[in-house]
Amino acid sequence: MAFATRQFVRAASSDAATAAAKKLLIKHVTIIGGGLMGAGIAQVAAASGHTVVLVDQSDEILKKSTKGIEESLKRVIKKKFADKPEAGAEFIKKTLKNLTTSTDAASVVHSTDLVIEAIVENLEVKNKLFQTLDKFAPEHTIFASNTSSLQITKMANATTRQDRFGGLHFFNPVPMMKLVEVIKTPMTSQKTFESLVDFSKAVGKSPVSCKDTPGFIVNRLLVPYMMEAVRLFERGDASKEDIDVAMKLGAGYPMGPFELLDYVGLDTSKYIIDGWHSLEPNNPLFAPSPLLNKLVEEKKLGKKTGEGFYKYK
């Protein structure tokens, strides 16, 4: 019995070692999209020693992205290297040395280990991008989307590498938020999944795993919560101000649901809930809101437009 147990342990250890050996060590990362999310992911990847190429449509956008990264790094070193200004300056220098930019995605993916897409939340646009990159990226390259609401499986099916495709959902602002949701589709290989988990840890994040379900974990709980707050207000059960105060003081949340909706953007929230409603039209959690639709139609989208549920100066 003892011999059999030893044999089993040795076999299990050997299997684990083999699986670990097969995992892809991600060193070179290409990030498509130089907006807040893409630039934030580029920053944490470069800061953790990865070679990073940030891609967008124009040099003007990329200059803005790079400037934003530099400003963000300055804020980081004020906390991280408060008593060591020289070390802080060296940290910024090393991070920026790891980062380059390009306007030609197809030409820079030929040697990359991981492509992270962080462009507009439009499935057709994302699929077209992945179809193009699939032709130029090496066989070993993993593709990942930073989508917060679209199905990873539908994007994977636009490529020939369904087993090397997953979700990496970072949170805004990326340098500050510790969470990454790692999404595994039914076709994602264990090797790919483990490689994405390891990458998330390497950039200093805490990964959690989830199947390819609408909204994954955080948004699947958060968006219906915000929508239920809107319905509570629509019915006249409570004012939006009192609902916000109640959730901050009663549940300990840093922001109330209406403050959060304005921060996220009412158009973004509407886009998410409309997408889920089309997938599950009979699910009451995903029912559209007439008030939210009205505000979006009036271009009152929240903080970014100066008015949403609240007015901003």
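Using the three backbone atoms N, Cα and C, a Cβ is placed for every residue, glycine included.
TrEMBL: automatically predicted annotations, no manual curation.
So that you can see what the record holds, here are the features copied from TrEMBL:
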BINDING   Gly33, Gly34, Gly35, Leu36, Met37, Gly38, Asp56, Glu121, Lys126, Ser148, Asn172, Lys304  NAD(+) binding site
BINDING   Ser72, Lys79, Ser148  CoA binding site
DOMAIN    28-213  domain '3-hydroxyacyl-CoA dehydrogenase NAD binding'
DOMAIN    215-312  domain '3-hydroxyacyl-CoA dehydrogenase C-terminal'
SITE      His169  site 'Important for catalytic activity'
DSSP-derived helix, strand and coil totals, residue by residue, for the domain '3-hydroxyacyl-CoA dehydrogenase C-terminal' (215-312): 64 helix, 3 strand, 31 coil
Cα within 10 Å of Ser148 (CoA binding site) - qualifying recorded positions among Gly33, Asp56, His169, Asn172: His169
Cα-Cα distance linking His169 (site 'Important for catalytic activity') and Gly35 (NAD(+) binding site), given in Å to the nearest integer: 15
Cβ neighbour count within 10 Å of Gly35 (NAD(+) binding site): 16
His169 (site 'Important for catalytic activity') to Met37 (NAD(+) binding site) - Cα separation in whole Å: 10
Which of Met37, Lys79, the listed binding-site residues, has fewest other Cβ atoms within 10 Å: Lys79
Integer Å distance between the CA atoms belonging to Lys126 (NAD(+) binding site) and Ser72 (CoA binding site): 27
Ser72, Asn172 as binding-site residues, winner by CB count within 10 A: Ser72
Long-range Cβ environment of Gly33 (NAD(+) binding site), under 8 Å and at least 6 residues apart: Val55, Asp56, Glu117, Ala118, Ile119, Asn146
Nearest of the binding-site residues (Met37, Lys126, Asn172) to Lys79 (CoA binding site) - Cα to Cα: Asn172
